[in-house]
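To keep things clear, I will list the structure first and then write my remarks on it.
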Amino acid sequence: MYTSKISGLGYYVPENVVTNDDLSKVMDTNDAWIQERTGIKERRHIKKGDGNSTSIMGVKAAEIALERANLTTDDIDFIVFATLSPDMYFPGGGVRVQDMMNMSTVPALDVRNQCSGFVYAISVADQFVKTGMYKNVLVIGSENHSGGLDMTTRGRGVSVIFGDGAGAAVVTRSEEKGSGILSTHLHSEGAHAKELSLEGPSTEHWVPEIIAENPQEDIPYYPYMNGQFVFKNAVVRFSEVINEGLQANNLSAADIDMLIPHQANLRISQFVQKQFQLSDDQVYNNIQKYGNTTAASIPIALTEAWEAGKIKKGDLVVLAAFGSGFTWGSAIIRW
Ligand code: UT7
């Protein structure tokens, strides 16, 4: 058995900044409500004509990660692409990245686990590297939320939260024992699938059916979230899955150098921080700038924390996520 490590990180966010005040011009919301409930001050939205898409942003993040790993596309054996907002209904973003980066016929896998997508994708990469099947796996989380949000007052409970962006990591074979990705821990609870979901268009809700069944102004093409229910489940599952990861490695909260929580809501991150008695320096949050970028949030935050010198060799880094599915997971990494 090999070990696996993260050898390169990168992220990309669109240039277009959308502030809370900008949103209050198109829906009945305000800066105070958004900041108080979520911590978000602004987010990035793809602008029509800026050339971005979910896959294209993924490529931009991936190019940076590859360069930092001192690798080229020829070195990549496998692509794992996590998103809930693919460019097309099918095929997924992985094959588009493979094409855009002029890669050989390496396999490309799409992960559909929403906010937990990046942790699931890292776990998939980790298994393939540890078993020796692949040497370098390109893992991408990318989201274009802005194209699919209800930007009217009807959608304000969801739309003010989400932002666009992409992050990428290269997972590489290593032989250094006791370092790299130590373990990953994944869970799901489909009983709550509808509590945070987008039902149509899908095979249960084809477009003609949706249009026939719904007055034009109530078409369920937009995400639905039972916010308080999701919040209550999130704080419990975040804590559980972090504890599970620590225990699996005979570690405790006191060993954590850096926690990178999925950026769902600053209040959730603060709740988890308090539970594990971590200082502000031990938790990295950037939801204030980018909103919730779902599968992209952890790789963007991880890259920023690493770029800022907040993650050093030997540090214990914990990634944790919770979201639609419900799905949740953690990764315990000795940097
Ligand atoms: O990343 C995936 C996982 N997602 C999450 O973890 C999200 C978890 N949930 C949350 O973060 C919170 O539930 C929200 C931030 C989404 C909402 O906060 P909340 O404190 O649960 O608010 P609420 O939905 O209970 O709404 C409270 C009030 C309502 O008005 P009334 O009925 O009390 O008059 C809403 O209509 O706030 C109103 N409201 C808004 N007001 C201004 C809802 N959205 C907005 C808005 N601006 N954007």
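Every residue, even glycine, has its Cβ placed from backbone N, Cα and C.
Automatic prediction, not curation, is the source of TrEMBL annotations.
As stated in TrEMBL, the feature region 'ACP-binding' covers range 263-267 out of the listed 223-227, 263-267, 303-307. Of the recorded residues, N292 (active site) and C115 (active site) place their C-alpha atoms 9 Å from one another. Rounded to a whole number, the C-alpha distance linking C115 (active site) with H262 (active site) is 7 angstrom.
Shown are the active-site residues C115, H262, N292; of these, the residue with the fewest other Cβ atoms within 10 Å is N292. In the three-state DSSP classification, N292 (active site) falls within a strand.
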